[in-house]
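*Asks:* Please find one structure pasted underneath; my questions will follow.
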Amino acid sequence: MPPLGVLLLLVALGHSTQGHRPLPIRKAHKFDWWERGNFYQIYPRSFKDSDGDGIGDLKGITQTIDYLKTIGIDGVWLSPIFKSPMNDFGYDISDFYAIQEEYGTMEDFEELAAKCASIGLKLILDFVPNHSSDEHEHFRLSEEGIEPYKDYYIWHSGVLDANGTRHPPSNWISVFRGSAWQWSDKRQQYYLHQFQKKQPDLNYRNPALVEEMKNVMRFWLNKGIAGFRIDALPYLFESEEVDGHYRDEPLSGQATDDPDNPAYLTHTETKDQPETYDMVHQWRQVVDEYTARDNFTRIILTEAYTAVQNMTRFYGTPAAPGAQIPFNFQLITLLTVNSTGRDFVNAVQSWTRAMPSGAIANWVLGNHDNSRIASRLGVARADLYNIALQTLPGIAVTYYGEEIAMVDQWISWNDTIDPAACNADPATYELYSRDPVRTPFQWSNGTNAGFSNASRTWLPVADGYRELNVAAQLAAPRSHLKTFMQLTAYRKRRLLAEGNFVLRTVGRDLVMYKRSVPGVGYVVVALNFGPEPATLPVASQFPGTGEHWLKVIASSLQAQPQAGTWINTRLYKLAPDSGIVLERLTGRNDLMT
């Protein structure tokens, strides 16, 4: 037995019962609030409209936030709510200290924060440090060359060719296509923008700017929030000038000959620079200032679409801790509608193998930048993936609507408003548009799915909302939402909170894992990725389990046994594209620790 302060979560490798290599993952016996947290992302424009303008707002969130507590959520993360011209829907901030008027007032925010505190929900805000809006006062002052703001952004005079013609400082390409450099007539220099030209990059090689952004964090921490999700981290730093010049990036050799496409280059100079990790550590020091005051842990969650070894590096080290939760996007980037059980296991192990010792895993299946689970991975597998999300060891993150299996809504070119898509053309915009995954939340079968009473909403409500909505699923005997709620409730039991973890694949398509606590019992989770029903060889895969009769805790809708019934695992067959959670208690102490 390990000491009480340490539990081993054993990840068994291989495709059979032939041995395993254990991977120890530290868990404190007395869990901190976030260590087994269930987090939920709200996209504020799309959650609930309280004033009838067709746009979600803070009062709407406050009015409906009890729903999140009801479905078993611990922490809520809000996408940006700060003052913005909305060229990138809040990721272009013109005042880091003010609330966007469409969303409400500072008083509305404080009311929301108080409501969250009163019902035990932890509130997380987006922090967008890479850039501001070009309408930010600091950019205006920087463009005019006024100190101390002159070097708050990244400026360069460019390069003169033999004919005296001025060109951008380097060949760097924006994430949103085209040159990452924009000429300013006022300053007579180029400024860097890794995203839109209206989103100039901040200069983190300027200590005054670094302190400015730390003060932004302190302002919101003083409002009582529990932490930050930090946006677009790989772009925070670029390589430094060499002899007054920036190095060009090499051609990628990928399947594009479009020089405006960011995939045209390999981003050796503009992504994943080593200084980024130290900056995250500095931000961790800021939130730790507040933790030290009252012994309530404030957390950092990081967003970085990059190689897994870079993602996990954001955990930091014992000497220089970083993010408690560097988002794990492996289940998003590595899985498709055609993925097999082995593909799923490979995605899981790609993260657990890369994690540093003592770190806590997290699992993310969707967000505002990626197609919804039901559309990307298959409607039939929506419950299967939510079962996995809630039963794998570690932290779970759910994007609004995934609990009811919302789907992407097709949006025409004429109605498209996402800048990533608008920078493309009618033939290719769907490859880039994120509008389909940001449609209004489907509360009911009423007007605009209960989201708003406006004549027109900011994005159209998805087709099929009359059948697919919260009210209908709460009323149904079985539903995606009720399965989700069964899972979140059971997740708080010791078997899922503390249980050792042994993972198996059976053939190509059946995944099984066992979570167990000595003296308490065990849980077996089975996920059938195959096209045919699958038997569950529990006894052979997990020697020592003994009993063949197990209690059903939750299952996919197409799986027949309902929660609370018992099945004989020797006889039962799990339906295709389905998951099931089975329990056997051997003791009585399965309550939360």
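Cβ coordinates are placed from backbone N, Cα and C, and glycine is handled just like the others.
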*Asks:* Which candidate from N130, N163, N295 does Swiss-Prot annotate alongside D201, Y235, L236, E238 at the Ca(2+) 2 binding site?
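*Replies:* Of N130, N163, N295, N130 joins D201, Y235, L236, E238 in the Ca(2+) 2 site that Swiss-Prot records.
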*Asks:* Rank the binding-site residues D53, D57 by how many other Cβ atoms lie within 10 Å of each Cβ and give me the one with the fewest.
*Replies:* D53
*Asks:* Cα-Cα separation of I55 (Ca(2+) 1 binding site) and D201 (Ca(2+) 2 binding site), in Å?
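*Replies:* Pair distance, Cα basis, whole Å: 28 Å.
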*Asks:* So of all those binding-site residues, D57, N130, L236, which one's Cα sits nearest to N445 (N-linked glycosylation site)?
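*Replies:* Minimum Cα distance from N445 (N-linked glycosylation site) across D57, N130, L236 lands on D57.
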*Asks:* Quick check: of the recorded positions listed here (Y235, N295, N338, N453), which one has the Cα closest to that of D53 (Ca(2+) 1 binding site)?
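*Replies:* For D53 (Ca(2+) 1 binding site), the closest Cα among Y235, N295, N338, N453 is found at N453.
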*Asks:* Restricting the comparison to the recorded positions D57, N295, N310, N414, which residue's C-alpha is spatially nearest the C-alpha of E238 (Ca(2+) 2 binding site)?
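*Replies:* That would be N310, nearest by Cα distance.
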*Asks:* Neighbours of the Ca(2+) 2 site N130, D201, Y235, L236, E238: Cβ within 8 Å of the Cβ centroid, same chain, sequence order.
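*Replies:* Surrounding the site, in chain order, are H131, L192, Q194, L202, Y204, A232, P234, F237, T270.
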*Asks:* When neighbour density is defined as the number of other C-beta atoms within 10 angstroms of a residue's C-beta, which of the binding-site residues D49, D51 has the lowest density?
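*Replies:* Lowest Cβ count within 10 Å among the binding-site residues (D49, D51) is D51.
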*Asks:* DSSP on N310 (N-linked glycosylation site), three-state: which is it?
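*Replies:* Reduced to three states, the DSSP call for N310 (N-linked glycosylation site) is helix.
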